[in-house]
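Asker: Shown below is the structure under consideration.
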Amino acid sequence: MEDNSEQASVSSQASMRPLVSDNGDREAGAGVEVNIANDNDTSVGVDGENGNEDDDPILSKYHNACQRGDLEVVREMIHGGQVNVSSDADREGVTGLHWAAINNRLNVVDFLVREGANVESKAGALEATPLHWAARYGFVYVVDYLLQHGASATTTDKQGFNLLHLSVNSSNIMLVVYVLFFVVSKGIIDIDYVDPKGRTALLWAAYQGDSLTVAALIKFNASVKIADEGGFTPLHWGTVKGQPHVLKYLIQDGADFFQKTNDNKDCFVIAEEMSNTHSFQEALRHNNFDKNGYPINKLVKRDDHAKIITFLIPLLVLGFAFFGFSHLHILFALPVIILLLLASNKFIKSFLLPSYETKGTNSASLLKSPLIAGILFGSIFWLAFVWILRILPYTFTKRPLGNLTFCAILCFVCYSLFLLAFSDPGHIGSENDHEKIRETISNLLKEGKFDTRSFCLETWVRKPLRSKYSYLNDALILRFDHYCPWIYNDVGLKNHKLFIFFILALELGIFSFVKVCLKYFDELDMDGDCFILGDDDLCSGLIGDRFTFLIMTWACIQAVWIFSLVIVQLFQITKGLTNSELNALIREGRRVDIDSQTHNEFFNTVPEGFINNKDTEEEAAPPVRNNTNERISTTFSGNLPKPRTCMGMICAVTGLHQCVAIIKDTFGIARHGSSRSTNTRSLLSSISTDYGWRRNWCDFWLLSDTNTPLWKRIFFSPPSTKALLNGKEADYATLYEVPNKNHGSVSQLQELQDPLSEIDDMV
């Protein structure tokens, strides 16, 4: 039975594979050879050239020129009468337009179409049009051009594939998005159109393990219920592939994992046969199903209630820990506290996190829960508790100023923590108007910037520079700095300044608390020998009030990472970059052996020679070599991401890895500890928003409204999406180009210096 089942699965997978030949469907199953005319040219050809050199050398030369994008040769041959564009096909029907389309030669495509080339001519064993050839390799700009010049999106090849199927098969998410909005949204092609074997675009995307395409198709209401001729639904094929994100999306959209194929197999059987049980069960857990597919009963029914409980648990655990270590022997207290921590961790992970609402494929985690914010709140609570009930009565008469100072800082910290937790970091929400989205895509295509750097796949809006999508807020965060677990919110344009005041107040508050604590311990006047603590105030505190002593020690430990955070934040302000941008620079510095010409993580298929007058040399998108042996892919490994180690989580929470990176860069230490070579570029040398420390600080601390009083400009956060950048007001919601740091005008310098003069006068 097992052998028959495995054989059935193998045969089902074999039937699933499309008939694809990398020579553009010219000969089914024929091999591809990449023609390299020179080091900078990569073209798709067959058998070294175009396969017909012996038949017609002139036609062969013409087709080779179309492949290479040699517009001058193509123009000369057509205008010279050597080739007639209306009859330039070889014996297989392949035209110059086919070769130009499959090699992403938009300039040649444009010329041939203007000369009268037939955009609907079919070629090869699959009878594919130039549009099909371009779509199979994800060339968005060629597809857009051909559609605008008469190519039909509904035409199918011999396999029964239309433009939507071929776009999905290309695994270029940008082409899929383009087809969805310009073809499917207009009703030209049905989202659930099936090929002759009953397979929809969603079914193909699931089989390919293409999570981005699956998510996009589901947003367009693609059916997860339709089964092909073998009884396989998208979830069945997704289980065959085992890509976790694909499975999560499909189950989240209501796919039936109990449904059986014609071979009487459900997803559980297929997952076991394909060794994808772990990924499948992870997807089930993500959507609140147990390993058998039955709903998990939630201990807490509401998401907000579960988060409140998570937030309050550290308050109780910290109090119990301080009490235990101060009243019990350490050999008894330590194992009890460890067991309490383990039990709390197990309770949160098993009963509270499953009650959280999940968004997309992001599962709830401790780092993305209110737990860390609860630790900060609990620490502040117990610190305030001992100050009010124990320290204040002893020290107020002798240290009134110190106590009043601490009280003021404590009130500000509590108030700002509340504001930060519920603040708007500055966001752009999702766009639902398809007409506006089409306009955005069209503008990006004209500028040669239609890729994931400039277009947000989650919100369907153009990405402003320095923005980043946040799953927590389900929006693009303007001038995104980082997600801070200590406030359970993102830090961005509108709350970044308050965040800086908050962490500065925390550090000053701890320093002030330690001072009044030491005075309190001095008032206790307890004598004793405390080994390394000696017989001073610390020893008096340890003997006389261990509970308060432990809280002061805990506060000092927190002061270490807060100081690290303050240093990193002030350094970033000085350099004119955000935490997110610093992380990106660190990641870029760790990359090795990546060919920038072939590595295309942003799915950019802008043709070589694409002219965009708006682009500066610095901002222009890098050219992408059109090597069709290296398909653009939005698929990911079937393996789940590695969980954070304990040290990794500590570094993520405290930002210590950034301090290390800054120190290494400052002292010129290379990655492996050796001196930085002259060929190694500094991490911080390519910051496009670094206009000098003086200007950077003014850009950050001053509001852009010059009519506002100076003290408000310094202490208030931006009320809108506008802020200073290089001394001029910039709207971060529409920030698509940064001011050139080398061409500041006199008016910009004057506007920058005026506030500084006011500050000097005040001092």
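Even glycines carry a Cβ here, placed using N, Cα and C.
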Asker: Would Swiss-Prot put Asp545 and Leu353 on one side of the membrane?
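Answerer: Taking the topological domain names from Swiss-Prot at face value, Leu353 sits across the membrane from Asp545.
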Asker: Looking at 1-59, 591-649, which stretch does Swiss-Prot describe as region 'Disordered'?
Answerer: 1-59
Asker: Looking only at residues six or more beyond either end of the repeat 'ANK 4' (159-188), which have a C-beta under 8 A from one in the stretch?
Answerer: 18-20, 126, 131-132, 135-140, 143-144, 147, 153, 195-197, 201, 204-205, 208, 210, 212-213, 216-217, 220, 434, 437-438, 441, 450-452, 455, 457, 603-605, 631-635
Asker: With every protein chain in view, how many other Cβ atoms are within 10 Å of the Cβ of Cys484 (active site, S-palmitoyl cysteine intermediate)?
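Answerer: By my count, 24.
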Asker: With DSSP, how much of the domain 'DHHC' (454-504) is helix, how much strand and how much coil, in residues?
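Answerer: When I sort the residues of the domain 'DHHC' (454-504) into the three classes, I find 9 helix, 14 strand, 28 coil.
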Asker: Name the range, of those listed as 369-389, 402-422, 498-518, that has the largest tally of Cβ pairs under 8 Å with the transmembrane segment (547-567).
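Answerer: Comparing 369-389, 402-422, 498-518: 498-518 has the most Cβ pairs near the transmembrane segment (547-567).
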Asker: Summarise the topological domain 'Cytoplasmic' (349-368) as counts of helix, strand and coil residues per DSSP.
Answerer: 7 helix, 2 strand, 11 coil
